[in-house]
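What Swiss-Prot says about this one:
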type	residues	note
MOD_RES	MET1	N-acetylmethionine
MOD_RES	SER285	phosphoserine
REGION	1-36	region 'Disordered'
TOPO_DOM	1-55	topological domain 'Cytoplasmic'
TOPO_DOM	77-92	topological domain 'Extracellular'
TOPO_DOM	114-133	topological domain 'Cytoplasmic'
TOPO_DOM	155-175	topological domain 'Extracellular'
TOPO_DOM	197-209	topological domain 'Cytoplasmic'
TOPO_DOM	231-257	topological domain 'Extracellular'
TOPO_DOM	279-287	topological domain 'Cytoplasmic'
TRANSMEM	56-76	transmembrane segment
TRANSMEM	93-113	transmembrane segment
TRANSMEM	134-154	transmembrane segment
TRANSMEM	176-196	transmembrane segment
TRANSMEM	210-230	transmembrane segment
TRANSMEM	258-278	transmembrane segment
Amino acid sequence: MEGKEEDVRVGANKFPERQPIGTSAQSTDKDYKEPPPAPLFEPGELSSWSFYRAGIAEFIATFLFLYITVLTVMGVKRAPNMCASVGIQGIAWAFGGMIFALVYCTAGISGGHINPAVTFGLFLARKLSLTRAVFYMIMQCLGAICGAGVVKGFQPTPYQTLGGGANTVAHGYTKGSGLGAEIIGTFVLVYTVFSATDAKRSARDSHVPILAPLPIGFAVFLVHLATIPITGTGINPARSLGAAIIYNKDHSWDDHWIFWVGPFIGAALAALYHQIVIRAIPFKSKS
């Protein structure tokens with residue numbers, strides 16, 4: 001089975017959300033119908049080139065994301081003082097800016113997830129199959145490991161002495177504080193993803209899909225401003241895993257579970273909130 005262009009909609013699944021756009025959608029909004037949910041398993045995807053192309057796009061995007069952001073974090077730590085570097089604001093801009101750019105580049109190929117927590121949230125909302133979700137997460141983690149690995153390969157000594165961008169709970173904060181920061185931070189991100197890519201909003205306003213990367217990147221920026229002092233900001237299990245594996249010091253693994261459990265809980269809460277409260281999908285008429 002050959003890959004088709006309709007595979008590359010948001011979520012990159014076999015169930016595109018085709019709706020009228022612009023002002024023509026205003027009068028037909030009452031006729032809007034929810035797109036069918038993606039199946040739990042879609043074996044046919046495994047024979048489609050677009051499936052593997054999407055996975056490669058996720059790998060490359062996460063690779064570039066880790067490469068740029070880890071270098072930025074190292075640059076800040078290497079400076080003699082905060083005034084001599086871009087500081088926390090610069091780190092936040094690097095993370096948010098890279099997400100903005102990479103989502104823009106890959107949205108038409110894979111949906112531009114670049115984050116297992118985002119993929120998990122979209123899977124819970126039935127925007128993509130389990131087959132695709134697992135494949136994306138594997139490719140994202142591999143991309144993150146390679147991205148951090150290239151940084152270490154280019155600068156081995158600074159990488160080890162400057163922490164390698166690994167996430168840990170900062171001194172003075174409890175594990176509960178770190179977990180809470182990761183849950184709420186990921187909730188903000190995934191809720192923004194749902195809102196920015198909502199099919200019904202896209203039907204009413206033609207500019208929504210084009211602008212989607214902007215609020216997503218801005219959400220990442222704001223979450224980093226708030227939580228860098230607490231956990232270094234994970235909200236992306238692949239980002240945390242890649243840095244931890246390549247840095248590979250004991251303290252980088254002590255709290256590593258927080259950077260998986262927190263983002264997955266936050267993503268699940270965002271998916272439930274958007275689907276049940278905002279969209280009220282379970283309460284809509286079946287007729």
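Here the Cβ of each residue, glycine as well, is placed from N, Cα and C on the backbone.
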Recorded stretch, among 93-113, 134-154, 176-196, 210-230, 258-278, maximising Cβ pairs under 8 Å relative to the transmembrane segment (56-76): 134-154
Within-chain partners of the topological domain 'Cytoplasmic' (114-133) [C-beta distance under 8 Å, separation at least 6 from its ends]: 10-14, 37-43, 45-46, 51, 54, 58, 61-62, 65, 99, 102-103, 106, 140-141, 186, 189-190, 193-194, 235-239, 263-264, 266-268, 270-272, 274-275
Chain residues in Cβ proximity to the topological domain 'Extracellular' (155-175) (below 8 Å; excluding those fewer than six residues from its ends, i.e. six or more beyond): 66, 69-70, 73-74, 77-78, 148, 229-234, 239-240, 243-244, 246-247, 249, 251-252, 254-256, 258-259
Beyond the flanks of the transmembrane segment (134-154) by at least 6 residues, Cβ under 8 Å: 51, 54-56, 58-67, 70-71, 74, 110, 113-116, 119-120, 128, 160, 164-165, 237-239, 241-243, 245-247
